[in-house]
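Visitor: Below is the structure I would like to discuss, written out as structure tokens.
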Amino acid sequence: MHRGPSLLLILCALASRVLGPASGLVTEGRAGLDIVHPVRVDAGGSFLSYELWPRVLRKRDVSTTQASSAFYQLQYQGRELLFNLTTNPYLMAPGFVSEIRRHSTLGHAHIQTSVPTCHLLGDVQDPELEGGFAAISACDGLRGVFQLSNEDYFIEPLDGVSAQPGHAQPHVVYKHQGSRKQAQQGDSRPSGTCGMQVPPDLEQQREHWEQQQQKRRQQRSVSKEKWVETLVVADSKMVEYHGQPQVESYVLTIMNMVAGLFHDPSIGNPIHISIVRLIILEDEEKDLKITHHAEETLKNFCRWQKNINIKGDDHPQHHDTAILLTRKDLCASMNQPCETLGLSHVSGLCHPQLSCSVSEDTGMPLAFTVAHELGHSFGIQHDGTGNDCESIGKRPFIMSPQLLYDRGIPLTWSRCSREYITRFLDRGWGLCLDDRPSKDVIALPSVLPGVLYDVNHQCRLQYGSHSAYCEDMDDVCHTLWCSVGTTCHSKLDAAVDGTSCGKNKWCLKGECVPEGFQPEAVDGGWSGWSAWSDCSRSCGVGVRSSERQCTQPVPKNRGKYCVGERKRSQLCNLPACPPDRPSFRHTQCSQFDGMLYKGKLHKWVPVPNDDNPCELHCRPSNSSNTEKLRDAVVDGTPCYQSRISRDICLNGICKNVGCDFVIDSGAEEDRCGVCRGDGSTCQTVSRTFKETEGQGYVDIGLIPAGAREILIEEVAEAANFLALRSEDPDKYFLNGGWTIQWNGDYRVAGTTFTYARKGNWENLTSPGPTSEPVWIQLLFQEKNPGVHYQYTIQRDSHDQVRPPEFSWHYGPWSKCTVTCGTGVQRQSLYCMERQAGVVAEEYCNTLNRPDERQRKCSEEPCPPRWWAGEWQPCSRSCGPEGLSRRAVFCIRSMGLDEQRALELSACEHLPRPLAETPCNRHVICPSTWGVGNWSQCSVTCGAGIRQRSVLCINNTDVPCDEAERPITETFCFLQPCQYPMYIVDTGASGSGSSSPELFNEVDFIPNQLAPRPSPASSPKPVSISNAIDEEELDPPGPVFVDDFYYDYNFINFHEDLSYGSFEEPHPDLVDNGGWTAPPHIRPTESPSDTPVPTAGALGAEAEDIQGSWSPSPLLSEASYSPPGLEQTSINPLANFLTEEDTPMGAPELGFPSLPWPPASVDDMMTPVGPGNPDELLVKEDEQSPPSTPWSDRNKLSTDGNPLGHTSPALPQSPIPTQPSPPSISPTQASPSPDVVEVSTGWNAAWDPVLEADLKPGHGELPSTVEVASPPLLPMATVPGIWGRDSPLEPGTPTFSSPELSSQHLKTLTMPGTLLLTVPTDLRSPGPSGQPQTPNLEGTQSPGLLPTPARETQTNSSKDPEVQPLQPSLEEDGDPADPLPARNASWQVGNWSQCSTTCGLGAIWRLVSCSSGNDEDCTLASRPQPARHCHLRPCAAWRTGNWSKCSRNCGGGSSTRDVQCVDTRDLRPLRPFHCQPGPTKPPNRQLCGTQPCLPWYTSSWRECSEACGGGEQQRLVTCPEPGLCEESLRPNNSRPCNTHPCTQWVVGPWGQCSAPCGGGVQRRLVRCVNTQTGLAEEDSDLCSHEAWPESSRPCATEDCELVEPPRCERDRLSFNFCETLRLLGRCQLPTIRAQCCRSCPPLSRGVPSRGHQRVARR
């Protein structure tokens, strides 16, 4: 830049003030006006003249214009001011053209040929006050602005006083200050939108125009200086607002700011705005209509500026773009004011019709509006529109949709704007900007605009002449606030650069800096080239590029931008892409598949566009609407898809690529494909196919790969057709599959073949090259006159003839073997030579001949038909009801052995075969058998026989069939036979409660359980010997049962539980141990004659009840234990398990149990009845239910430890004893009884143990023992009972000896075993060498009481495994029995484990007489050896069948019923019964997951009615039955022809109203109902048909002039004819004939009424 801004500053300020306020404003609102008389002086202050025009002296030896000085002096407020000013030579260039137009004519035109000397810049000096700059114009007095003591002063000649010779001209001086009213914040509105898209037709014109400029187009991305030669037009509103003298300076100031914006480095290109012409319109132009409607104004202005533009780009006044500045309030699309600030055509620059814009004058921000619209002309889109440079909420840019001025941030160009304008220039669309303007251009002022226009002036430009700056509102460099009336308003823009913001400070780029500070201009410099980028494509021809930036340094402060190449490109990745890969354009289109278009997602496919090959045009795959998705495709995209070309797109421009794959190299191939070749290696092959006969497709010849200049043509016209196929016989390029295609271009083997058919003559041409061999075929329809073909290929380098090459090739496929459905096609083999074509098979090698091919072929679907299966056997062998059935389906044949079933409706058009037919009805059936009633059962209980009579009823003539004779006898089973028993408790029977009240609550717990009733009201006997007192039984109370109770009375439990299926015991076995087996006991029936009760279900909420169980009728010896070998029974718990006491893993069952140990053993034993105190009976009150696996878990031993806790295991060996319910470890969920082998007698197994195994020297008991029922469980071995070395000897007395005392007993238990009580103090041998047995006389029987911890040597505290259990004994007495031996009584062992793990089972115990001989005890009072036991229900999950899937496709679900049931009778249980077992099976599963298929719909059939509302139907089927969504099933019918059954009926045409000269014919038109034949009153019912014409012209020919007959006189009287004439009747022919004298003939010029057209309706 030149070094002149500092000098230009004052002179431009002077010019601004000279062109400042309009006339008449000098004295308005000015305070402190002072009259001064300036004079011109010399440098020393000496007077020179009263004439103020500066005189310039020039030296002849100075060739260039030099600035001369001028000095002025004046007295102001007693101070002498001296102005030192200099001429500004840079304000306007020579040749400046300023036109003033009036009434559409050139009122004034001024061409500046020299720099005027009256525009001065300088300073003012005062001896005392601080001076400042001055900008003064002395062309007509002194006008301008100067600074004094940091205040602005204006000077102007005094209005109305002219200069007088010899006298100083008076001037007025006043301060420049605005109103200091209280500032109020006002509303501010953002600027409106702008920009106008180029219409498609004009865009095509641009493309055509640009193609004509190809010779000037730059082929690389080069940064080159661009000069925008600009025409600026200010309309009459601008002149009216600013005043004619001031508008020129104002426009130049605005354009100077615009030029500065385009010099900002953010634009990325060196662009200069140069004004070549300025037009000021004082009046409205005739051809330029400026209105509020911005689009119409822009259209008018573009047309007007084109007409006045001077042709020829070299002319000094030729402009590249035109700018209209107006004070009209513009609106984009309506003729009324709104918020639009400007409008322009996008990418319209350099186009003669589109390079124009309109901007609304809003004051100093007008510069940003002009720059914004010029940006649109450069092809820049709004930030955020189609790009990612949205500025809302972020930094504003010049191209923001709305011009928002951020506080303190200058407006610059965004990154997207830089890319848009660079692409515009690189595409060659700015060719008109390359020429540098001539020297005769308008020079723009370089002074900052704020120096010329202070804040008050800027406010007046924005809001009117009465607006002033609002002080103290905000930093003026950030936001300019102006007064409008009594409030302050702002357009949120900052004051322009150069505006004073404080003492000796001004605004510069939004900041307040010291005055006069202007940063030094820095010219830009190129950076180094970047590394080559990645290739734009992974295959095919791509592009990679390298760039450099103008960043070293970045141009600043109006420094020059870099000039030169900024981007270079080269090709890369030359290998071709695989043929099955989508094209590069297709890939770019598919990137928009995930974006919504018109509310839906689409799959986009490319659309070729040869007019704009480097734009991305795509369309949805299911639509034909084409959209331009990108302004430019990715670099490396081929320009054309429809033709062979190497040209690629680069920066949106189609670049030519030579055969050497260098951009713009110009290298070309010769006719056989040699790059830069001369054709010397080319060879043309020419052949003719002359076979005249053929059938179907016949091979003619082979065109090899790489062939060029291909020509195939028929020698003469014929009805045959040419076809092209690949080496794969299934792949046809043209006219394959017996289908003839249209004329046109077709892609074949990588090239384009042009198919032409004129009449019956066909030919094919292609430039080539072919990428694969192509077979030429002829589809014979008649005799072949001959086919000629030729092509050009490259000759081998050694110029030798190749030997013939023979190979097998497959021919075309034969016709399908079926006419419908699926058939078979076969493909034959031919022997082919590479160039000769088909030859005899003998030339090919028969050893490598491949097999002929075969494939399925699908023709049209076969029509549906009925299919009937085989007849089934007759349902009756005789009689009238015999029927035979068969399956009948509607099927469609899919192949030779494949059919598909269809809906029955598909075969409705065919008669359906019979599915049923009568059969065997002629056969007479034999007579039937008659049966009598069954007799009574032969027994009263148990199993018996019943009978009936059978007779043949002769109801037919045929005898009865003996094979069908019914049975006459059958078994009958009554209730089991009961036997009498003395039962203590008869209060409960059966299942459930004896009380009428039932408690079904799950958690119901009775506060007090009622005791059982007493058997008799006799006094309580005294306990003697080993009899234990038993308390009297209380009356019965309520019994609580589970909701799901179990009645097992139907089960026959009156069988021998001791034998079961085993043998009877042998009497020889009953002889050991001093005790014998009891005799056979026959039970008696229960006194109450009630069914045997069952216990409540284990695990239920209510308490389990021990009723009076009926004993088993047969009890074997195995039911007894040896005398003295006792087993303690586990006392069940009566208290509920709390949540804290429940062991881990145990089910929360909530059953009751009793505390352990009991308070007294007396509670357990009591005499059976009076008179027999020696007999014992175990008390079975309702508080002692049978032991359960779960109730064992919280039992306590005598030391308080819970039973079932494990300890270090003792050596184990099974021993014969009765099992007790096993204890359960904390992790067990159900009992697991040990399984043992059972024999037929207990004694047989016990004797060997005592005699053989229990001998001295044996350290262990036998490991395996076979015992009879009840089953045996393992028990701990008993080492050390008599010491470690004192095992049991043979003959050791049994443990029933009465000499043993409880102090000498030791009790050992193991989980799942019976308690064995053995002597503990037998270490001193007796006289016979055997251990002495302690005397137990007077003590309780062994095993009846637990050994106290303080009296025994081993207790539970020392060994947790040894845990004594309480005994449970029971005896029944009968006074009728003979008296037993003295003190002899029945002794019972512990109850065994229940025979089942769930449901109803049985338990056993050993019963023996205390004397060792059962005969000493009363047999009738023998206690029950067995009873029922009822554990938890046998619960299991039971699943039902899966329901039908809710959806056949698309994801459905099916459900099933899952219940907890009893496995015995399948009764439902509550779910918690099944919780301990396996997890609950799922009751829901997914199904129908396969995707749904779309419904198939056929076309609509013909409407059922022609009118009045009919119905159309169509076929709606699913391709696979059940795999379509039913809710989406399309309708198979719809209404049609809903219009009424009416039509227009017309009558015949009537007679013409005139014989000639134009008449009218009429006819009757009626709307008639076609069903009733009656006319409709409302003609609108026929509106669905066109209205017939009801009249038409007729006799349009002219009437011949016939000389009327000579009229002598009127035939009627004169008066009468006159009367008719006056009445207008002369027009009637009869009247005219009768009154020929009175009625003159009609004039030929008067039209007749026949020409008048009557109304249609």
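Yeah, the Cβs are placed from backbone N, Cα and C, and that goes for glycine too.
Since this is a predicted model, take the numbers as computed values, not measurements.
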Visitor: Among the residues Asn84, Asn763, Asn1531, which does Swiss-Prot list with the feature N-linked glycosylation site?
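Guide: In Swiss-Prot, Asn84 carries the N-linked glycosylation site label; others show none in the record.
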Visitor: According to Swiss-Prot, one residue among Asn622, Asn1355 carries the annotation N-linked glycosylation site; which one is it?
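Guide: Matching Asn622, Asn1355 against Swiss-Prot annotations yields Asn622.
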Visitor: Swiss-Prot tags one of 192-199, 336-343, 920-927, 1056-1063 as motif 'Cysteine switch' - which one?
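Guide: Of 192-199, 336-343, 920-927, 1056-1063, Swiss-Prot gives motif 'Cysteine switch' for 192-199.
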Visitor: Using the record from Swiss-Prot, pick out the residue from Cys432, Cys477, Cys482 that is joined to Cys459 by a disulfide.
Guide: Cys482
Visitor: Can you tell which of Cys432, Cys507, Cys535 Swiss-Prot lists as bonded to Cys477 through a disulfide?
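Guide: Cross-referencing Swiss-Prot, the cysteine bonded to Cys477 turns out to be Cys507.
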Visitor: Of the candidates Cys350, Cys356, Cys389, which does Swiss-Prot name as forming a disulfide with Cys302?
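Guide: It is Cys356, per the disulfide annotation in Swiss-Prot.
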Visitor: Measuring Cα to Cα, tell me the gap between Cys470 (disulfide bond) and Cys482 (disulfide bond) in whole angstrom.
Guide: 5
Visitor: Measuring CA to CA, name the entry from the recorded positions Glu373, Cys477, Cys512, Cys562, Cys572 that ends up nearest Cys331 (disulfide bond).
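Guide: For Cys331 (disulfide bond), the spatially nearest of the recorded positions is Glu373.
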Visitor: Are there any residues at least 6 positions away along the chain from Cys550 (disulfide bond) with a Cβ closer than 8 Å to its Cβ? List them or say none.
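Guide: Sequence-distant Cβ neighbours: Ser223, Pro265, Gly268, Gly524, Gly525, Trp526, Ser527, Tyr561, Cys562, Arg566.
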Visitor: Taking Cys356 (disulfide bond) as the reference, which of Glu373, Cys389, Cys477, Cys507, Cys512, Asn622 (the recorded positions) have a CA within 10 A of its CA?
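Guide: So far as Cα distances go, the recorded positions lying within 10 Å of Cys356 (disulfide bond) are Glu373.
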Visitor: Taking Cα atoms as reference points, which of the disulfide-bonded residues Cys432, Cys477, Cys539 is nearest to Cys389 (disulfide bond)?
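Guide: That would be Cys477, the closest of Cys432, Cys477, Cys539 to Cys389 (disulfide bond).
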Visitor: Tell me the Cβ neighbour count for Cys482 (disulfide bond), meaning other Cβ atoms within 10 Å of its Cβ, over all protein chains shown.
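Guide: Looking across every protein chain shown, the total is 27.
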Visitor: Show which residues of the chain containing Cys501 (disulfide bond), separated from it by at least 6 in sequence, have their CB under 8 Å from its CB.
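Guide: Set apart from Cys501 (disulfide bond) by at least 6 residues yet with Cβ under 8 Å, we have Asp475, Val476, Cys477, Ala495, Cys507, Cys512.
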Visitor: Under 8 Å between C-beta atoms and at least six apart in sequence, can you list the same-chain neighbours of Cys350 (disulfide bond), or say none if there are none?
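Guide: For Cys350 (disulfide bond), the qualifying residues are Asp320, Trp429, Gly430, Leu431, Cys432, Leu433.
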Visitor: Can you give me the same-chain residues 6 or more apart in sequence from Cys535 (disulfide bond) with a CB-CB distance under 8 Å?
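Guide: Result: Gly542, Val543, Arg544, Cys572, Asn573, Gly636.
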Visitor: Helix, strand, coil: count each for the residues of the domain 'TSP type-1 7' (1479-1522), based on DSSP.
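Guide: Summed over the domain 'TSP type-1 7' (1479-1522), the classes give 0 helix, 12 strand, 32 coil.
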Visitor: For each of Cys338, Cys356, Cys507, Cys539, count the other CB atoms within 10 A of its CB; which of these disulfide-bonded residues has the top count?
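Guide: Answer by Cβ density within 10 Å: Cys356.
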Visitor: Quick check on the glycosylation sites: of Asn84, Asn622, whose CB has the lowest count of neighbouring CB atoms inside 10 Å?
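Guide: So among Asn84, Asn622, the glycosylation sites given, the one with the fewest Cβ atoms within 10 Å is Asn622.
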Visitor: Give me the long-range Cβ neighbours of Cys302 (disulfide bond): same chain, 6+ apart, Cβ under 8 Å, in sequence order.
Guide: Ala322, His345, Gln353, Leu354, Ser355, Cys356
